[in-house]
Amino acid sequence: MADRKTRLIAALDTCDPLQAMRWADAVAAHVSAIKLGLEFTCAAGFEAVSRVAANRQLFLDLKFHDIPNTVGAAVGSLSRINPAMLTIHASGGRTMVQAARRACDENFPAGRKPLLLAVTVLTSLDDEVLAETGVRDGVNAQVLRLAELALDNGADGLICSAHELAALRGEFGDSPVLITPGIRPSGAVAGDQKRVMTPAEAREAGADWIVVGRPITQAQDPAAAAAAIVAELAG
Ligand SMILES: O=c1ccn([C@@H]2O[C@H](COP(=O)(O)O)[C@@H](O)[C@H]2O)c(=O)[nH]1
């Protein structure tokens, strides 16, 4: 396995820009990027996204899933926000991933192209819930299928749970960027997450970045919680 440093992204899920700013400041010394997603963007808008993300690495997690023309235009319009990473759903299909790739290449200036990341199977799904959507051969098979589709059509990396990392590294090697939400330090509540692992387990399995939200933001001391996760990753 490559000599990989697993880094921490803090998911700042709130509707309140002041709260997001407070959290971003609190964890700044410990994280490699902050993640703002649907909750924050829908509630506070893109201007607030830009304010909170100013002078920080931004993972803008809007998980686009629409027809190729719409996704391409939406991805292209994000160039004014300057995210370091953005997300689409791999299940939107080959031509949707290609449209997102083209939009990154054509709309973002050289040197500021974001990592195009494809969500495989949400970490809130397990085999049983996935089967209700019509996919009956399990999460692992679906993650591998969608990973191949996304990587073959221009995605730089994947969002998956830490449970699939070993299989993905085995199949696609060291180069795809693999980012894992669904991370819970031991003892933390899983909440709506179904496929969870600890930070150290995700590092061992081959994550480039781990995404951690509530175990940091709902902690009494978010800075200390983030520092403890970074210490676990370093250990
Ligand atoms: O499969 C996915 C894709 C994205 N997410 C996002 O990550 C964070 C996780 O937050 P926690 O509070 O640590 O559960 C959240 O913003 C999700 O939208 C994911 O969990 N799973």
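Cβ atoms here come from the backbone N, Cα and C positions, even for glycine.
From a predicted model like this one, the values you see are computed outputs, not experimental measurements.
Per TrEMBL, the features are:
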- ASP61: active site, for OMPdecase activity (ACT_SITE)
- LYS63: active site, proton donor (ACT_SITE)
- LYS63: active site, for OMPdecase activity (ACT_SITE)
- ASP66: active site, for OMPdecase activity (ACT_SITE)
- ASP13, LYS35, 61-70, THR123, ARG184, GLN193, 213-214: substrate binding site (BINDING)
- 7-229: domain 'Orotidine 5'-phosphate decarboxylase' (DOMAIN)
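Features per TrEMBL, on structure.
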| residue | record | contacts (Cβ under 8 Å, 6+ apart) |
| --- | --- | --- |
| ASP13 | substrate binding site | GLY37, GLU39, PHE40, GLY213, ARG214, THR217 |
| ASP61 | active site, for OMPdecase activity | ALA11, LYS35, LEU36, GLY37, LEU38, MET85, LEU86, THR87 |
| LEU62 | substrate binding site | GLY37, LEU38, THR41, ALA74, LEU86, THR87 |
| LYS63 | active site, proton donor | GLY37, LEU38, THR87, ILE88, HIS89, VAL119 |
| HIS65 | substrate binding site | VAL71, ILE88, HIS89, SER91, GLY92, MET96 |
| ASP66 | active site, for OMPdecase activity | ALA74, GLY92, MET96 |
| PRO68 | substrate binding site | GLY92, THR95, MET96, GLN98, ALA99 |
| THR123 | substrate binding site | CYS160, SER161, THR180, PRO181, GLY182, GLN193, LYS194, ARG195, VAL196 |
Task = For ASP61 (active site, for OMPdecase activity), just give me the three-state DSSP call.
result = strand
Remark   = Taking ASP13, LEU62, HIS65, ASP66, THR123, GLY213 as the recorded positions, the residues having C-beta under 6 A from ligand 1 are ASP13, THR123, GLY213
